[in-house]
Amino acid sequence: MADAGAAGANVAERERDVGGRHGAIAAFLLRYGIVLALLALVAFFAWRSPVFLTDDNLLQVLLQASVNTIVALGMTFVIITAGIDLSVGSTAALAGMVAATAMKTGLLGLVLPWPVAVLVGLLVGLLVGATNGLLITWLRITPFIVTLGTLSVVRGLTLIFSEGRPVFGFPEGFNAIAGRVGPVPVPVLIAAVLTLVVWFVLRYTRLGEYTYAIGGNEEATRLAGVPVTRYKVAVYTLGGALAAVAGIVLTARLRTAEPNAASGYELDAIAATVMGGTSLFGGEGGVVGTIVGALIIATLRNGLNLLNVQAYYQQLAIGLVIILAVALDRFRQ
């Protein structure tokens, strides 16, 4: 009997050891899995294409990631509050179109210098974001429904404003936004600077602190005396502003403003944010993971292009990545 009891104790101890090891492995994968996934993609495409690891192509990956990174930074704020913004792609298109029109043919008969036109485009993004925030907080409509509606409204406004026609032929100063500083593309530098700013805001400011608090428990945060409505509106306004920055950078890169530009960017931004560890349930997440998520999407698209994979298969791959990201978020919970 004593031997049987000892054997049972040994079995139980071994099971605890195995369970502990499995738990440690699971925790490691949850924490660093996104980085391992990026490294695995890089290794695969480097194996399949000798061009992938060249300096020019790696800079191209960063350039492709830059616009999505800017949009995803704003999406990170929004999702941490347990919200979502489906209108960011349309907002980027409208901001780019307004800025392009203002510097090319003019607004209300007045052609604006390109820096002023850029500021007008940014103002458009601020207004769209603030409108989303006010509708969500004042009317108490779920963010998904509000931003799904504004996605269509803002895209429609872009088509009406542009009459469905592209705008091109910008001043050289504006085109320099898509230029280079040494070997590094300016859009990459813009994304890097904004990443540092957003990281600082999330980590060290009251807006960042309350963003996490609202996502963790909105009602408790309100009862603690925090003006939740004001901060939620601020978060959506910031998201709209960053979408506008992305739209202006995209317009400079393409050397044209298209009314259908940035279509689907909201999905890429959500995928990058959630893959990076920001929970759709709110209250947790951060900038570093979002950047890695954006790099994964850019690496995937770039590598598939190098392998001559057709565009609709690329879209299939991105869709699967989004589903995987949401499934991982659910598993983390």
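Glycine residues also receive a Cβ, built from the backbone N, Cα and C atoms like all the rest.
Annotation source TrEMBL lists transmembrane segment at 24-47 (among others).
Among the features that TrEMBL reports, transmembrane segment is placed at 67-95 (among others). Among residues of the same chain six or more beyond the transmembrane segment (67-95), those with a C-beta under 8 A of the stretch's C-beta atoms are 121-122, 124-125, 128-129, 132, 136, 143-144, 147-148, 150-155, 157-158, 161, 187, 190-191, 194-195, 198, 202, 211-212, 214-215, 218, 232, 235-236, 238-250, 253, 258-266, 268-270, 272-274, 276, 278-287, 290-291, 293-294, 297-298.
Counting only same-chain residues 6+ beyond the ends of the transmembrane segment (107-129), those with a CB under 8 A from a CB of the stretch are 74, 85, 87, 91-92, 94-96, 98-101, 150, 154, 170-171, 173-174, 236-245, 247-248. According to TrEMBL, the transmembrane segment annotation covers 107-129 (among others).
Annotation source TrEMBL lists transmembrane segment at 141-161 (among others).
Under the heading transmembrane segment, TrEMBL lists 181-202 (among others).
Residues or ranges marked as transmembrane segment by TrEMBL: 233-252 (among others). Non-local neighbours of the transmembrane segment (233-252) in the same chain are 66-68, 70-71, 73-75, 77-78, 81, 83, 85, 87-89, 91-97, 99-100, 118, 121-122, 124-130, 132-134, 136-137, 170, 174-178, 187, 190, 194, 207, 211, 261-262, 265; each lies 6+ residues outside the stretch with a CB under 8 Å from one of its CB atoms.
Feature annotation from TrEMBL assigns transmembrane segment to 273-300 (among others).
Residues annotated as transmembrane segment in TrEMBL: 312-331 (among others).
When Cβ-Cβ distances under 8 Å to the transmembrane segment (181-202) are tallied for each of 141-161, 273-300, 312-331, the top count falls to 273-300.
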